[in-house]
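The following features are taken from Swiss-Prot:
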ACT_SITE  SER132  active site, charge relay system
ACT_SITE  ASP156  active site, charge relay system
ACT_SITE  HIS305  active site, charge relay system
DOMAIN    59-166  domain 'AB hydrolase-1'
Amino acid sequence: MKMLQGVRAFQKLKKSCAYSTAAKELKPLPVKETVNMAYDLHLPERSVIGKMPYHSPEPIVFIHGLFGWKRFYRNDCKTLATALQTPVYAVDMRNHGDTEHAMPFDYNTLMDDLVLLLRKLDIKKVNLIGYSMGGKMSMLTALNYPELVSSACIIDNAPINQPHISPFLKVFSKSCQHVENMKIRATDKEWRSKVAVGLKRYIPNPGIRSYLLQNVSGTPPKKYRSPVIDWNDGNVHFVNPVNHLFQCVVKDASAWPVEQVAGKQFLGPVNFIRGTKSEFVNADGEKAIAEYFPYHKIQSINTTHNVLHERPQEYLRSVIDFFKTTRYVLERKRDSERVTMIAKPKPLTSSQNAAEYS
């Protein structure tokens, strides 16, 4: 069984990653169909109902974007948990943060990792917040596992193939590789400044440089040590396996499995937040959103793709208002269904009637 799973995973890897000569020289990452996603659980700081149960109905799962990390959004998740009186799980996707480094790195694999986590946590129904890559991961999960998803908030992404964002992804990856090749010493007191200068060669936006800089460290993460990053060489490194990801990200992060989800719809409420200066949600994206998610709304915020960092208060207000409204509507719908069931009970079969009165 394990051998069969390994073969399937390797077949997915060959399809998803464009190998180059340089890639073959890299120490390979393990190939795994699923990995255990690291997560942090944020509970409301003040609760109107006393201590919040860990398995509250329909918690929120917050999924970061490319080169993100759950710890970046610790304060955001605490704000959401308290404002919505709901547990919030912030997760790290594979090859990010505290989660294992492994291939493949495509949306179907990321979705499988998320579904595995939900089942391990015994979460029957969830509300998703997904940013960038996390947004596509959330949309795919909602379409393929609608029974697991109550609602979703998608931040600056759309369910389409996006070849037009490939240059953006290439710059991201090249900047990270450039910093790795600089071999900046961890003992250098100015290493953060030198990393910032290295990133500036490809990335003029200071907000994006600051975002990437948070992934660079002079010491290995405490919770996970990558098998392909040499933390003993005395240099600073990205905590992500950037040289491996470069082979996949440009192709797979902009992709969308059109054939797999053809004809599928998610009938729950979905809130899309897009940056007005971003190219991720264009006219084709709006059309696809309407096809896959008929009960949606789109809100624009005056930002680039870096929505969460440029306008944190605006996006949080949008998310909180959406989930509060959605909760109210869904609760009224459920109450109405309960009343209907009581008023019009399902007829018993003759055998059930006999058993009832025997």
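Just so it is clear, glycine is given a Cβ too, placed from its N, Cα and C backbone atoms.
Known features from Swiss-Prot, placed on the structure.
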residue: SER132; record: active site, charge relay system; DSSP class: coil
residue: ASP156; record: active site, charge relay system; DSSP class: coil
residue: HIS305; record: active site, charge relay system; DSSP class: coil
Cα distance (Å, whole number) from HIS305 (active site, charge relay system) to ASP156 (active site, charge relay system):
6
DSSP-derived helix, strand and coil totals, residue by residue, for the domain 'AB hydrolase-1' (59-166):
48 helix, 22 strand, 38 coil
Same-chain residues at least 6 apart in sequence whose Cβ lies under 8 Å from HIS305 (active site, charge relay system):
SER132, ASP156, PHE168, GLY275, SER278, GLU279, PHE280
Other CB atoms within 10 A, centred on SER132 (active site, charge relay system):
25
